[in-house]
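Peer 1: Swiss-Prot feature annotations, pasted as is:
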DOMAIN    15-242  domain 'AB hydrolase-1'
BINDING   W22, S82, L83, F143, L144, A145, L146, Q147, H235  substrate binding site
ACT_SITE  S82  active site, nucleophile
ACT_SITE  D207  active site
ACT_SITE  H235  active site
Amino acid sequence: MNNIWWQSKGQGNVHLVLLHGWGLNAEVWRCIDEELSSHFTLHLVDLPGFGRSRGFGALSLADMAEVVLRQAPDKAIWLGWSLGGLVASQIALTHPERVQALVTVASSPCFSARDEWPGIKPDVLAGFQQQLSDDFQRTVERFLALQTMGTETARQDARALKKTVLALPMPEVDVLNGGLEILKMVDLRQPLQNVSMPFLRLYGYLDGLVPRKVVPMLDKLWPHSESYIFAKAAHAPFISHPAEFCRMLVVLKQRV
């Protein structure tokens with residue numbers, strides 16, 4: 001059984017595991033890892049098939065969560081960005097005793113638009129899947145450009161994301177496709193009503209992938225959770241607003 005790439009740093013008395021989004025890798029956290037490792041024992045992870053975690057094909061969400069858990073500390077705050085938010089949520093559902101708090105960043109329990117549920121139109125996700133087989137580097141770059149659109153620092157934020165992608169070999173097409181399949185099909189809205197650990201949801205007001213309309217809907221569906229919207233951020237608030245982002249996690253640490 002393959003292991004995934006995993007790096008731990010810092011000496012904090014609380015463990016914090018960071019899970020990246022689709023098409024990316026753990027290098028995306030370099031803008032905040034120094035600050036966070038001064039407060040936490042920080043764990044940077046390349047999800048199976050992404051970055052340095054080679055030798056995996058496309059996995060289901062449940063399998064991806066199990067692979068990640070194998071190398072994880074007994075107890076930690078789990079933070080997942082975008083697709084990583086689904087992985088962290090899945091772990092909170094299946095192994096709640098291992099999760100001190102759940103943090104989702106620019107993530108939705110159901111990324112795909114459904115009846116009376118705002119999200120990414122299924123044909124857009126299907127289009128990305130189709131384009132992957134034609135020109136997958138360009139498709140990934142288009143997806144990244146969507147993530148920073150509208151912010152004051154959109155250009156440099158997009159450059160930071162692109163640099164992260166290009167720093168390591170591109171994931172295999174079937175892995176990227178499998179990730180899009182998860183974004184297209186998974187719906188955790190009902191299951192997450194039952195989690196009891198502290199649950200913090202962070203959003204960008206300008207996010208083009210996770211519409212802000214979902215925030216009040218989830219506030220109502222999950223009254224035990226807390227939400228916060230970064231007013232001038234899009235899909236990557238930790239890149240556009242690193243200091244504010246880290247502050248929120250340090251405050252959360254006091255509660256676990």
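A Cβ is built for glycine as well, from the same backbone N, Cα and C atoms used for every other residue.
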Peer 1: Which one is it: of the recorded positions W22, S82, L144, L146, whose Cα lies the shortest distance from the Cα of D207 (active site)?
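Peer 2: Result for D207 (active site): the nearest of the recorded positions is L146.
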Peer 1: Return the maximum Cα to Cα distance in Å (whole number) over the record's substrate-binding residues: W22, S82, L83, F143, L144, A145, L146, Q147, H235.
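Peer 2: Output for substrate binders W22, S82, L83, F143, L144, A145, L146, Q147, H235: max Cα distance 16 Å.
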Peer 1: Any idea which of the recorded positions L83, D207, H235 has the thinnest Cβ neighbourhood at 10 Å?
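Peer 2: Minimum Cβ neighbour count within 10 Å, taken over the recorded positions L83, D207, H235, occurs at L83.
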Peer 1: How big is the gap, in Å, between the Cα of L144 (substrate binding site) and that of the residue listed as 'active site, nucleophile', rounded to a whole number?
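Peer 2: The residue listed as 'active site, nucleophile' has its Cα 12 Å from the Cα of L144 (substrate binding site).
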Peer 1: Rounded to the nearest Å, what's the C-alpha distance separating the residue listed as 'active site, nucleophile' and H235 (substrate binding site)? Just drop the number here, would you?
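Peer 2: Per the Cα atoms, the residue listed as 'active site, nucleophile' and H235 (substrate binding site) stand 8 Å apart.
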Peer 1: Count the Cβ atoms, other than its own, that fall within 10 Å of the Cβ of W22 (substrate binding site), considering every protein chain shown.
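Peer 2: Here the count is 26.
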Peer 1: Determine the Cβ neighbour count for L146 (substrate binding site): the number of other Cβ atoms within 10 Å of its Cβ.
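Peer 2: Around the Cβ of L146 (substrate binding site), 18 other Cβ atoms lie within 10 Å.
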Peer 1: Which residue, out of the recorded positions S82, L144, shows the minimum number of other Cβ atoms inside 10 Å of its Cβ in this structure?
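Peer 2: Candidates: the recorded positions S82, L144. Fewest Cβ atoms within 10 Å: L144.
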